[in-house]
Amino acid sequence: MAKQEYKQLPKRAEVHSATEQFKDTIKTSLGLDLFKGLGLTIKEFFSPSVTIHYPMEQLPLSPRYRAVHNLQRLLDSGSERCIGCGLCEKICTSNCIRIITHKGEDNRKKIDSYTINLGRCIYCGLCAEVCPELAIVMGNRFENASTQRSQYGSKSEFLTSEQDAKNCSHAEFLGFGAVSPNYNERMQATPLDYVQEPSKEESKEETPTNPESNKGDENV
């Protein structure tokens, strides 16, 4: 292993006289670094404000935002979309979904109870991805603070009202590939945006010509 060599930096010259102290003070206080810091401060002072005064102001949420779940209904009849298959309960990684069903007179499953323990839910969205009927989707209601645990997870809290379903007033789930609102304004430039493609004239000038191939073409 090579031996490392350390060099001692020269010491700063000591200032003794009052004139030299005054010159050193002016040099350090009125140097270029001070003006750089002041320029940055003034620039940010007059720049537009980006602060959101929550809760009076709120940012638009993306359609892919994962918050408290919504149980959807059919738009025409207003009936519940959930068929009680239990796929959401089986795929739930935090084991927070509980479905109790029974067979009705038509041998179809009827839902007795559908609960989601929001205290254990990690909002991964797997239940919404696996649902074959789009009955459970991820909503955008994130203000769900409460002092009692019993207020979380009841079916009536998640289920869309029948009147909203018949009036088609509730929004359908746009899917996990939906774009966010104002995505053009929020899109930032990448390094590839600053690369300029060569024009056609420049590309023609840069293409090398092989004289031997031209001679062969003339002989033919």
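Every residue gets a Cβ built from N, Cα and C, even glycine.
Listed by Swiss-Prot as binding [4Fe-4S] cluster 1 are CYS82, CYS85, CYS88; the candidate from CYS124, CYS131 that the record includes in that site is CYS131. The [4Fe-4S] cluster 2 site, placed at the center of the C-beta atoms of CYS92, CYS121, CYS124, CYS127, has further neighbours from the same chain whose C-beta lies within 8 angstroms: CYS88, ILE91, THR93, SER94, CYS96, ILE97, ILE116, ILE122, TYR123, GLY125, LEU126. Of all the binding-site residues in the record (CYS82, CYS88, CYS131), the one with the smallest CA separation from CYS121 ([4Fe-4S] cluster 2 binding site) is CYS88. Calculated from their C-alpha atoms, the gap between CYS124 ([4Fe-4S] cluster 2 binding site) and CYS88 ([4Fe-4S] cluster 1 binding site) amounts to 12 Å. Secondary structure counts, DSSP: the domain '4Fe-4S ferredoxin-type 2' (112-141) has 5 helix, 11 strand, 14 coil. Taking only the Cα positions, the spacing between CYS85 ([4Fe-4S] cluster 1 binding site) and CYS127 ([4Fe-4S] cluster 2 binding site) is 12 angstrom. Compared over the binding-site residues CYS82, CYS92, CYS124, CYS127, CYS131, the count of CB atoms lying within 10 A of a residue's CB peaks at CYS127.
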